[in-house]
Amino acid sequence: MASSDTQGKRVAVIGGGLVGALNACFLAKRNFQVDVYEAREDIRVAKSARGRSINLALSYRGRQALKAIGLEDQIVSKGVPMKARMIHSLSGKKSAIPYGNKSQYILSISRENLNKDLLTAVESYANAKVHFGHKLSKCIPEEGVLTVLGPDKVPRDVTCDLVVGCDGAYSTVRAHLMKKPRFDYTQQYIPHGYMELTIPPKNGEYAMEPNCLHIWPRNAYMMIALPNMDKSFTCTLFMPFEEFERLPTRSDVLDFFQKNFPDAIPLMGEQALMRDFFLLPAQPMISVKCSPFHLKSHCVLMGDAAHAIVPFFGQGMNAGFEDCLVFDELMDKFNNNLSMCLPEFSRFRIPDDHAISDLSMYNYIEMRAHVNSRWFLFQKLLDKFLHAIMPSTFIPLYTMVAFTRIRYHEAVLRWHWQKKVINRGLFVLGSLIAIGGTYLLVHHLSLRPLEFLRRPAWMGTTGYWTRSTDISLQVPWSY
């Protein structure tokens, strides 16, 4: 691209989280003058950043976005590979379900460390600046005017050519767009909340298998654990809020864990479990959908601001990072023409982001209930077998989502088609087995034991059975 296409144009990125910081890097590479406005203080110097910290699962889509700005190797080196789900049954039995083939894995990444690295990357560009402690209070994107409140709480107007809303599920930018006609918006809170717990290292090593995402599925609730670089595990307990409210005391919590997660107690330690459980209240999870993602050539939403999703497919960050990558690819395609790029971004991306939102809701049930069933394990084995013999025809859903850039909505369509083909194949196979079994049964039952029914009535049966005493009784199993 020619630098004159963008040089001198100002972009205001609202939100300095993961997607906002990554977007700033992409835009700075295109020679925009980039200003990132982040309401929080700089997490790199903050004393405590505890809060929203469900560990992240970095997969192929996210890695491709990081690769495009030259950060993939740096980030991957700070992650722990996870090659399988490790299912913990109530009895303590463990069973591994691989995510894909032997070379495929996802990475457990620290949200905080990733955000720090991305902010540092933004500041490496001379044409980009991050304004910490600056909160958006008013947005008029058609006029390119924003009002922000700095650390001194004094309103200050700034001007820009493009507003990029990356300010999360409760986006202020989106709230302003919602006042516009023909802007659709829905949100849904799920009944479950989440709480973060910790499994510390044991004798300086991991207390469990490190290269797995550990799951304790218990139907109505579940717990997961992701490995960290310091040999600890970050655990997340997902449970209906009503269940959390039934655990007001330490003894209630201990009884609950002894009943539902007995093998986790010695791993966490009773004292650490109590400390973590009562440190913060359970946090809500929200799913957000909106349409369109843009306003003319002036404003665009990305990441959670456009499509907050529940965390059960591990694609929230990856989908947000892919937003940035798709937008960058469209900027190439349309030679940095914002009036063409923004509408195409909405048209292209909305079906995909809504599809991964729906898949995450589906996985919300699968992870806490279905993984316990033998039918689920059979389906996974069948998917793996079919993919091995027909790799380009049958691709497991998780493989399409986590290890390719097949569009999310196309992956869903293909998944439904594959399920239909497999179900029909199993029906035909079952029918053939039933027909074959019936034929063999009828064939054997039509042999000699029924001959007496065809004898003349006047011969009676006495003579028949009398003669039969002189020889072995001729029934099918005597042949």
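For all residues, glycine too, the Cβ spot is worked out from N, Cα and C.
Together with Y37, E38, A39, R40, A57, R111, L136, T172, D304, M317, N318, the FAD site in Swiss-Prot holds one more listed residue from V19, V76, V154, which is V19. Swiss-Prot names R85, Y99, Y398 as L-kynurenine ligands; from the candidate set N31, N55, N127, N363, the record adds N363 to that same site. Of all the binding-site residues given, namely R40, R85, the one with the smallest number of surrounding CB atoms inside 10 A is R40. Across the binding-site residues listed here (V19, M317), the residue whose Cβ sits among the most other Cβ atoms within 10 Å is V19. Under 8 Å, Cβ to Cβ, and six or more positions away along its own chain, Y398 (L-kynurenine binding site) finds Y99, G100. Excluding the listed site residues R85, Y99, N363, Y398, the same chain places I97, L213, F313, G314, A402 with Cβ atoms within 8 Å of the centre of the L-kynurenine site Cβ atoms. When every Cα pair among R85, Y99, N363, Y398 is compared, the largest distance found for this L-kynurenine site is 14 Å.
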